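Data first, discussion second: the structure below is written as structure tokens.
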Amino acid sequence: MDLIRGVLLRLLLLASSLGPGAVSLRAAIRKPGKVGPPLDIKLGALNCTAFSIQWKMPRHPGSPILGYTVFYSEVGADKSLQEQLHSVPLSRDIPTTEEVIGDLKPGTEYRVSIAAYSQAGKGRLSSPRHVTTLSQDSCLPPAAPQQPHVIVVSDSEVALSWKPGASEGSAPIQYYSVEFIRPDFDKKWTSIHERIQMDSMVIKGLDPDTNYQFAVRAMNSHGPSPRSWPSDIIRTLCPEEAGSGRYGPRYITDMGAGEDDEGFEDDLDLDISFEEVKPLPATKGGNKKFLVESKKMSISNPKTISRLIPPTSASLPVTTVAPQPIPIQRKGKNGVAIMSRLFDMPCDETLCSADSFCVNDYTWGGSRCQCTLGKGGESCSEDIVIQYPQFFGHSYVTFEPLKNSYQAFQITLEFRAEAEDGLLLYCGENEHGRGDFMSLAIIRRSLQFRFNCGTGVAIIVSETKIKLGGWHTVMLYRDGLNGLLQLNNGTPVTGQSQGQYSKITFRTPLYLGGAPSAYWLVRATGTNRGFQGCVQSLAVNGRRIDMRPWPLGKALSGADVGECSSGICDEASCIHGGTCTAIKADSYICLCPLGFKGRHCEDAFTLTIPQFRESLRSYAATPWPLEPQHYLSFMEFEITFRPDSGDGVLLYSYDTGSKDFLSINLAGGHVEFRFDCGSGTGVLRSEDPLTLGNWHELRVSRTAKNGILQVDKQKIVEGMAEGGFTQIKCNTDIFIGGVPNYDDVKKNSGVLKPFSGSIQKIILNDRTIHVKHDFTSGVNVENAAHPCVRAPCAHGGSCRPRKEGYDCDCPLGFEGLHCQKECGNYCLNTIIEAIEIPQFIGRSYLTYDNPDILKRVSGSRSNVFMRFKTTAKDGLLLWRGDSPMRPNSDFISLGLRDGALVFSYNLGSGVASIMVNGSFNDGRWHRVKAVRDGQSGKITVDDYGARTGKSPGMMRQLNINGALYVGGMKEIALHTNRQYMRGLVGCISHFTLSTDYHISLVEDAVDGKNINTCGAK
């Protein structure tokens, strides 16, 4: 060893004597050392499956660093699990390196070290550090969105809307993605590879006359949701039915590079574009109005995607001009400005603010910035809730093209005009009036209905002129070459188009109030001006069109549209908690809470028999009596009602987080029972229509996914819901006669409009829903014209409606048709003598709560003796049980079933039922004795032999907390679990407990109802 050291020392001395050129020699003989560990190491959990690690380069590495290796392993894991490593190449330009380690287990602690490596090999490991990934609960993706709603716009376009799912997961939703499938051709879903920021869109470029289904996914920072429930299958129109007319403003687009193809399940060679819809903040509850913004995307080349360049907001001078000869700024009733925004430059040089778009104005020259549908104000920044659209001469609203109308159509329009000229309606083969079209215009205060089947125009002019500022109704009808115009139900005017062609091709949208190309339509329609005024209603081919913006209504787009009813409630004075709402363009009603009525809710009243009116938007609400789990698999409703209209909702409830619902509706005079367990809707419809103005009884029941409907004495209708789910959960109230918001109802519920008529009885699972006590909210519910409203029952008696008649339920001590007789005119202290033998009428009862009585009908032994007579086969003689009754609750009962006497009891481990067969409803007096000793029971009737029985299980005591009832009880079916449906019809003369405890039936009773005096002993 000393020899080696000496040699090395000599070599070093030699190298130093050789000068700088010997440095390489010194390096060659130096022994290389390990690279030190990286510095400033930082760890952090990113989500439930990844963490980040950051470090800096080691100081004074002995040799150049080539890269790094991250070593990580689970803390406390099985030693058989190998340590994992992750290599990171060196980035020379960045002193600090950061890396993400993924594909980890949620909520798991990891031990992490890092080492640099060089030509000399692996460097020294850093000290181990620990990091724990986030728990699974904090990294949840969103729930699947609700089933999308699809409207077919044309032969190549559809409009989609959807609502978010029950949960957005552990992070806000970032965007949505849309997928589609053609069921007749495709086996896989095709993804539209674009991030949709809104909850509505329009897809273009689809195949004509083809079936499609659509689904939606939501994405947050933790991943995508499951695919939504697919939409219903829709079919695009045939080219002959409708075209793909442009119905939205044009936008500047820029062809840019798209994102990569990840996420595509199938790529078809389709050229599909879509239009994303922008929400308007004024709409609450997730239902959003929109404007259409064009984008294009070629699915055959997903990397090439059209991107929208949003309009630039700028402070530009606005020219306000007068109608003659210059246009001016106009305002709606609420003062929201509908600006002309006219500029003396073409659209190529004009910048419009957000929520507006530019059109060239050929009438005045220059260009105009128009607000999109649902926006107004000087910069189009104010929200306008549109229900009754208001037009200003350059406005318009678009709807889908006329469908199934090429041979015949009928259109009804109610409007109020403020100018002598203007275009009301237009739909045609193209935007410029060449070829096929139909139009309705006001020309010098006359209405002109024009249509062209391709070979000549028909012009039909109203015989009378309209009155400016007044409301008018016009009906247009065409069948082939022949047309008809009727104004205000006056004498129809007819006309005929020229030539032989009798069909019209409609490709453009249906324009209301004007058109974007109105200037070029003058030769076809007779005017180049837009309509000025309000439209209150529009119906096409018998179907009323909801003029609100899609997806709430059917309006697809529009420009510079106001709201006619705006400000109408500013001067309204609804009191007692009432709220104002517009019901027409120029009128309002107060939505009065329960117990108040009148134009301004000024009249207080007591609700007895509810009357609902569609015109007043009536409804009432009551909570479910029990928790939702009590109704998951079975529910039954009995309703007695009198309809004044053949359409409307009787009852509705639903679940906000799923597809579950149930509804009872009138549709075309028939009763419909609809329900959905979450996998498909069942629809049961009565065979015969109802007679309006008459009282009817209906019963609906659902067991799992099977339903039953019976109306009056009609044939019972049975049906089944689709799919495999069998339970319904409803977390909303039960809505009766209407609902607060018809936009929130389930799509297949059939709930379209309020009920008009009266409802006098609602029973749910044998439990009566009382109007006075159970209705918790509602609006504009008044009293029906019924005798019970006048409170005809005296002395505290309650009126029980029986269709158009009634019965009085009299308190103990009173009798008569109206409870007007007091103990048969005896004094109060002689009630006992007057009603020594009480008579029961099937809805009577006597109640006892004296502890000396109750202890004899409980415990280990019971002995009951009773003398009775009856003419009814069924009826309850005696009952004591828990209140409320639960499964396997203790009870003891005595009664008649189909003429036989039945003694039943349950000690908590099963029911004993001991029967004596016979016909004891013969109107004669009978003696019955029922004895229980522990589990054993015996019943004896008259001189018949005794019948015995024994309850199952081990329980021997009768433990009851309820009162004792004789002859019947309140809500008998509910409280006896349907063992008995009515009380005794007859008399009871003797009642003895424990062989020697005689009870005075009336004197000892604490309460009773409908007790009369029995005629003979």
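Including glycine, each Cβ sits where the backbone N, Cα and C put it.
Here is what Swiss-Prot says about this protein:
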DISULFID  Cys347-Cys358  disulfide bond
DISULFID  Cys352-Cys369  disulfide bond
DISULFID  Cys371-Cys380  disulfide bond
DISULFID  Cys534-Cys564  disulfide bond
DISULFID  Cys569-Cys580  disulfide bond
DISULFID  Cys574-Cys590  disulfide bond
DISULFID  Cys592-Cys601  disulfide bond
DISULFID  Cys788-Cys799  disulfide bond
DISULFID  Cys793-Cys808  disulfide bond
DISULFID  Cys810-Cys819  disulfide bond
DISULFID  Cys987-Cys1014  disulfide bond
DOMAIN    37-136  domain 'Fibronectin type-III 1'
DOMAIN    565-602  domain 'EGF-like 2'
DOMAIN    609-788  domain 'Laminin G-like 2'
DOMAIN    784-820  domain 'EGF-like 3'
DOMAIN    835-1014  domain 'Laminin G-like 3'
CARBOHYD  Asn47  N-linked glycosylation site
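On the structure: features taken from Swiss-Prot.
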residue: Asn47; record: N-linked glycosylation site; CB count, 10 Å: 18
residue: Cys358; record: disulfide bond; CB count, 10 Å: 23
residue: Cys369; record: disulfide bond; CB count, 10 Å: 25
residue: Cys371; record: disulfide bond; CB count, 10 Å: 31
residue: Cys569; record: disulfide bond; CB count, 10 Å: 17
residue: Cys574; record: disulfide bond; CB count, 10 Å: 22
residue: Cys580; record: disulfide bond; CB count, 10 Å: 16
residue: Cys788; record: disulfide bond; CB count, 10 Å: 21
residue: Cys987; record: disulfide bond; CB count, 10 Å: 22
residue: Cys1014; record: disulfide bond; CB count, 10 Å: 17
With Cys380 (disulfide bond) as reference and a Cα-Cα limit of 10 Å, the qualifying disulfide-bonded residues from Cys369, Cys592, Cys810, Cys1014 are Cys369
Which of these recorded positions is closest to Cys590 (disulfide bond) if you go by CA atoms: Asn47, Cys580, Cys987?
-> Cys580
Residues from the same chain, set at least six apart from the ends of the domain 'EGF-like 3' (784-820), whose C-beta lies under 8 A from its own = 608-611, 640, 642, 695, 758, 760-761, 828, 831, 843, 846, 1002, 1005, 1007-1013
For the disulfide-bonded residues Cys380, Cys819, the one whose C-beta sees the most other C-beta atoms within 10 angstroms = Cys380
Output, ordered by sequence, the same-chain residues six or more apart from Cys601 (disulfide bond) with a CB under 8 Å from its CB, or 'none'.
-> Cys574, Ile575, His576, Gly577, Gly578, Cys590, Cys592, Pro593
Spatial neighbours of Cys347 (disulfide bond) that are distant in sequence (at least 6 apart) but have CB under 8 A | Cys358, Val359, Asn360, Ser367
In the structure shown, which of the disulfide-bonded residues Cys352, Cys808 has the fewest other Cβ atoms within 10 Å?
-> Cys808
Recorded positions Asn47, Cys369, Cys987: which have a Cα within 10 Å of Cys808 (disulfide bond)?
-> none
Residues near Cys799 (disulfide bond) by Cβ (under 8 Å) yet at least 6 apart in sequence within the same chain, in sequence order, are Thr608, Pro787, Cys788, Ala791, Pro792, Cys793, Tyr806, Asp807, Cys808, Asp809
Between the C-alpha atoms of Cys564 (disulfide bond) and Cys580 (disulfide bond), the distance in angstrom, to the nearest integer, is 15
May I ask for the distance between Cys534 (disulfide bond) and Cys819 (disulfide bond), taken between their Cα atoms and rounded to an integer number of Å?
-> 59
Would you please pick out, from the disulfide-bonded residues Cys564, Cys590, Cys810, the one with the fewest other Cβ atoms within 10 Å of its Cβ?
-> Cys564
Within 10 Å of the Cβ of Cys534 (disulfide bond), how many other Cβ atoms are there?
-> 25
What is the separation, in Å, between the Cα atoms of Cys580 (disulfide bond) and Cys371 (disulfide bond)?
-> 28
Spatially speaking, which of the disulfide-bonded residues Cys352, Cys369, Cys569 is closest to Cys819 (disulfide bond)? Use C-alpha to C-alpha, please.
-> Cys569
Rounded to a whole number of Å, the separation of the Cα atoms of Cys1014 (disulfide bond) and Cys352 (disulfide bond) comes to 90
